[in-house]
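Peer 1: Here's the feature list from Swiss-Prot:
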type    : residues             : note
REGION  : 1-310                : region 'GTPase domain (Globular)'
DOMAIN  : 35-277               : domain 'GB1/RHD3-type G'
BINDING : 45-52, 67-69, 97-101 : GTP binding site
Amino acid sequence: MESGPKMLAPVCLVENNNEQLLVNQQAIQILEKISQPVVVVAIVGLYRTGKSYLMNHLAGQNHGFPLGSTVQSETKGIWMWCVPHPSKPNHTLVLLDTEGLGDVEKGDPKNDSWIFALAVLLCSTFVYNSMSTINHQALEQLHYVTELTELIKAKSSPRPDGVEDSTEFVSFFPDFLWTVRDFTLELKLNGHPITEDEYLENALKLIQGNNPRVQTSNFPRECIRRFFPKRKCFVFDRPTNDKDLLANIEKVSEKQLDPKFQEQTNIFCSYIFTHARTKTLREGITVTGNRLGTLAVTYVEAINSGAVPCLENAVITLAQRENSAAVQRAADYYSQQMAQRVKLPTDTLQELLDMHAACEREAIAIFMEHSFKDENQEFQKKFMETTMNKKGDFLLQNEESSVQYCQAKLNELSKGLMESISAGSFSVPGGHKLYMETKERIEQDYWQVPRKGVKAKEVFQRFLESQMVIEESILQSDKALTDREKAVAVDRAKKEAAEKEQELLKQKLQEQQQQMEAQDKSRKENIAQLKEKLQMEREHLLREQIMMLEHTQKVQNDWLHEGFKKKYEEMNAEISQFKRMIDTTKNDDTPWIARTLDNLADELTAILSAPAKLIGHGVKGVSSLFKKHKLPF
């Protein structure tokens, strides 16, 4: 589903059967195929309030999510519909329709609370749908929001400063939209026109008083204002006054509905398509379809085990899976690019190392892009080990290819020489000179052959070594030479052989140096890209912390302006803690990153020193190649 899913109808994502929540594997399989970022819109509200109609409209259909034309609630659990996003390229719009809250047919009301909490955790835009007006009763019916502190955790362990875990909800909670259906009031306050958003904000103002009833009424208002910094309201007229049309609204054309209702619905959909955010987790981790599936499974498993869904734990679970996939993705990219770009044998080792460096640099970037929360760089080290092994394979293939190619060329060039030796053509007076001239022509022709690769000298050296006994025999049997001339020829041959061995050793030492420089370059590239990623993560964390502080300060100031001084003072501890967090993030930047990079540098040094075996391969491992590809001379 890289280019967008093709779901013709919604499927159940989370089943709610016999008071037990269960993730539907069919839905997970659909999400697994969506690697695009997702915009997730969830709608929640009392049953029979028309939630499904709005979701169908967002999907561009007038049917799909079951509407139900009776007082019986149709939707059970959470249903999902994935459609290509109409205005965000390469994004998928995931619509989540939840079963109606407060259904009298349901047994355990706790399931309503879990459905509500799951919708908050999974979506990036949370739509609360109610009827008629936002009044005291409507807010009381939204008591589920007050239970979120008991049903969701940001951190896996309590904070040492004693500040409530829920203070961090604002960093990952969705945008909050309140849709009011069959709205009949005038949008006015104290005789003055107001906007829909102003209507909502006025309804969320706290009521003065200390009695339990007032406090109970204020609690959902307070929670909405504290947990959801971005809020918006949409009101809708009644779709039609015709009861028959209402009962079959999924079969009714838009033209048969009230024009004002049509306009309001289109405005709502346009806002969702334009402003609904891509789903992210803390510190800017983008959620794709497959990641959303993992989150759903993780949260439901936590609920069924009797635990509370925890964002931190969910991110850790997600990171383990995603980082393993990132290692594989980056390593596969490296292999594919090397196979495409490198033509074996390379003329020099440096040519291969340069290509390796380029492909590795791009592969590291891919790993960085798709990994997160890589504690102690565990997965980056796995990626490095994998890449080093793959690099070693390419080095061996390059050497083997060079050996094969050079041997084939030498076989071709020395064919006449070998035939002359077999025929005894050099076993005559003056035969040694003739033999040497023939061998020199072979050497000249051999070095004219292009792109012989890294084993060119070594293969030719072995050829010369294979000829030493033959040359000695021809030399000693040549009656045209004096003993002194023969002795001089022997000395010259030994000297030339020693010089060629020195050249070969020099090449191997140079290649060792190139290998070590390449490893150092690899280490530095890994550290540089990690440093850039850590700095970006730190900047995102700082922005997140500043956002939490500013929102908390706004809420605190609002309490003061509305006359709730005690609530204002109660938030001082939270604000002080946010300021300390920001100071720590700002001031501990360099030491923290430096420590992480130092640790990685040590680990990479250990990893990269292991392929010393590969470096040494050029010195002591080549004999195995010659055993596999024996020379015929």
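Just so it is clear, glycine is given a Cβ too, placed from its N, Cα and C backbone atoms.
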Peer 1: Please give the average pLDDT for the domain 'GB1/RHD3-type G' (35-277) in this predicted model.
Peer 2: 85
Peer 1: Is it possible to get the count of other C-beta atoms within 10 angstroms of the C-beta of T98 (GTP binding site)?
Peer 2: 28
Peer 1: 10 Å Cβ neighbour count around G45 (GTP binding site)?
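Peer 2: There are 25 of them.
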